[in-house]
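Take a look at the structure below.
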Amino acid sequence: MRLVLLGPPGAGKGTQAAILSDKLGVPHVSTGDLFRENIGNNTELGQEAKSYIDAGKLVPTSVTVNMVKDRLSQDDAADGFLLDGFPRTVEQGDELKNILDGLGTKLDAVLQFDVSEDVVVERMLARGRADDTEEVIRTRLKVYRDETAPLLEYYKDSIIRIVAEGSVEDINERTMEALKALDS
């Protein structure tokens, strides 16, 4: 299965992706991990990304797209993947379509993890990170909503909504049921 996971920070995408990766036997491709790997391995793309990060600038979409393209071209992603953190914009959605066209494949679905703002704030405050104040979290949620709203419209025919509240197990059960329905 080739899936994109969408949802606000704190929706549990990473947690669900790890479980789904195990159950479906496909890699969890997180853009955060891709950045860390490329920078850590001192690849050409990693060096380019690091130069922007060190200067306090956003890494250009082209660099992220190339990292994703490289990763999705690897053998373990041939039968599927779970994309987490990409795409974030309609422009990146178009880029992903181009990557997949080049690989002769397409997305099976976009999983949108729906969770209330209050639950996200509660979860993120519980993590106990110093930079996770309620104000910072609510700002991140607003940025997510503003950035991602057009993407939800872009993928409207592919979206499967998952209620991402309750236990990790309950959310995973709902996700697996939705994917089984997609497969039948």
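Just so it is clear, glycine is given a Cβ too, placed from its N, Cα and C backbone atoms.
Over in Swiss-Prot, the protein carries these features:
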- G10, A11, G12, K13, G14, T15, R127, G166: ATP binding site (BINDING)
- 30-59: region 'NMP' (REGION)
- T31, R36, K57, L58, V59, G85, F86, P87, R88, Q92, R129, R140: AMP binding site (BINDING)
- 126-132: region 'LID' (REGION)
Nonlocal neighbours by CB distance (under 8 Å) for A11 (ATP binding site), same chain, sequence gap 6 or more: F113, D114, V115, V120, A164
G14 (ATP binding site) versus V59 (AMP binding site) - Cα distance in angstrom: 21
F86 (AMP binding site) versus G12 (ATP binding site) - Cα distance in angstrom: 15
Residue among the binding-site residues G10, G166 whose Cβ has the most other Cβ atoms within 10 Å: G10
Protein Cβ atoms within 10 Å of R88 (AMP binding site), excluding its own: 17
Binding-site residues compared (G12, G14, V59) - highest count of Cβ atoms within 10 Å: G12
Distance [Cα-Cα, Å, rounded] between G14 (ATP binding site) and F86 (AMP binding site): 13
Residue from T15, R127, G166 whose C-alpha is spatially nearest that of F86 (AMP binding site), among the binding-site residues: T15
Residue among the binding-site residues K13, K57, R127, R129 whose Cβ has the most other Cβ atoms within 10 Å: K13
Fewest other Cβ within 10 angstroms of its own Cβ, chosen from the binding-site residues T15, T31: T15
